[in-house]
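Student: The structure's right below; bear with me while I get my questions together.
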Amino acid sequence: MRLWLCWLGCYTLLLWALRRRMWAGPARYLRSPLSRSLYANMMGSHGPPAPGAGENHQWYVCNTEQLSESLQPIFVQSYLDQGTQIFLNNSIEKSGWLFIQLYHSFVSSIFSLFMSRTSINGLLGRGSMFVFSPEQFQRLLKINPEWKSHRLLDLGAGDGEVTKVMSPHFEEIYATELSETMIWQLQKKKYRVLGINEWQNTGFQYDVISCLNLLDRCDQPLTVLKDTRSVLEPTRGRVILALVLPFHPYVENVGGKWEKPSEVLEIKGHTWEEQVNSLPEVFGKAGFAIEAFTRLPYLCEGDMYNDYYVLDDAVFVLKPV
């Protein structure tokens, strides 16, 4: 209770200080993002569009001339579609929920002393990710909306929001996750959560395995790739895999500390296209070939400082060889 009263007092002082600054000039002179957010909410304004909102088409641009000859014909051009725009609109709206954002910021600062950021997000139910819309998923896999298969395994599924995009196509949905709070979110969605050392030893195979933005955040990415190959249905099975490029692998530990992984993927080059060119060899060592790939934005819900966050993803469909 004392902690809450202390926080409330600090917040009141912040409002008082902000009010004094407002008398000195309009909102454009408020340099702090928090101050601008407070001002906009108090004035009933949603503020200007998010910076760079008019440049969203750049998220999908690939210079195909810089791709190797074998990769050029299997590149799938993607675009900003309705599903992506809905996520962006919802994220922008949530970032304007001032008191909720302040509460999230306060809780995060306390819990970060003994919890990872991922677990904090799972506890608060915030920070959902977006990799692809249902239409983008179907186009990449070359399936129609009515297509059905048996088993899906989503490795590192987080809160299950991306799993939800794929789940209508499968009879059984399995997921893995390290964070206990994210496991709780997955169980609320009725997904079958398997242990980190359990999914490789279930005795059955999966028709589709998704590994979305996991390899750059796990300790043994090569082992994950090889284990994925061993439990994939050998003829019709497919892996849908996303990597943030440029590739910067780190593993998050309790307390938000980041460490280098014990296994290294030999991804070469500097640009998005150069690193994509080196990936057929990486996947080949694990028994996969690239069937199709695209460039998509890896989006995350924002906070009081940004409407949303975005990284550059390369999303691959891999087939066993």
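Here the Cβ of each residue, glycine as well, is placed from N, Cα and C on the backbone.
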Student: Please state which member of Tyr191, Tyr250, Tyr298 Swiss-Prot lists alongside Glu177, Asn213 for binding S-adenosyl-L-homocysteine.
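Tutor: Given Glu177, Asn213 bind S-adenosyl-L-homocysteine in Swiss-Prot, the matching entry from Tyr191, Tyr250, Tyr298 is Tyr298.
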Student: Reported as an integer number of Å, what is the Cα distance between Glu177 (S-adenosyl-L-homocysteine binding site) and Asn89 (N-linked glycosylation site)?
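Tutor: Glu177 (S-adenosyl-L-homocysteine binding site) and Asn89 (N-linked glycosylation site) have their Cα atoms 28 Å apart.
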Student: Between the recorded positions Asn89, Asn213, whose Cβ has more other Cβ atoms within 10 Å than any of the rest?
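Tutor: Comparing the recorded positions Asn89, Asn213, the most crowded Cβ belongs to Asn213.
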Student: Return the single residue from the binding-site residues list (Glu177, Tyr298) that has the minimum number of other CB atoms within 10 Å.
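Tutor: Selected from the binding-site residues Glu177, Tyr298 on minimum Cβ neighbours within 10 Å: Tyr298.
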Student: For Asn89 (N-linked glycosylation site), which DSSP three-state class applies?
Tutor: helix
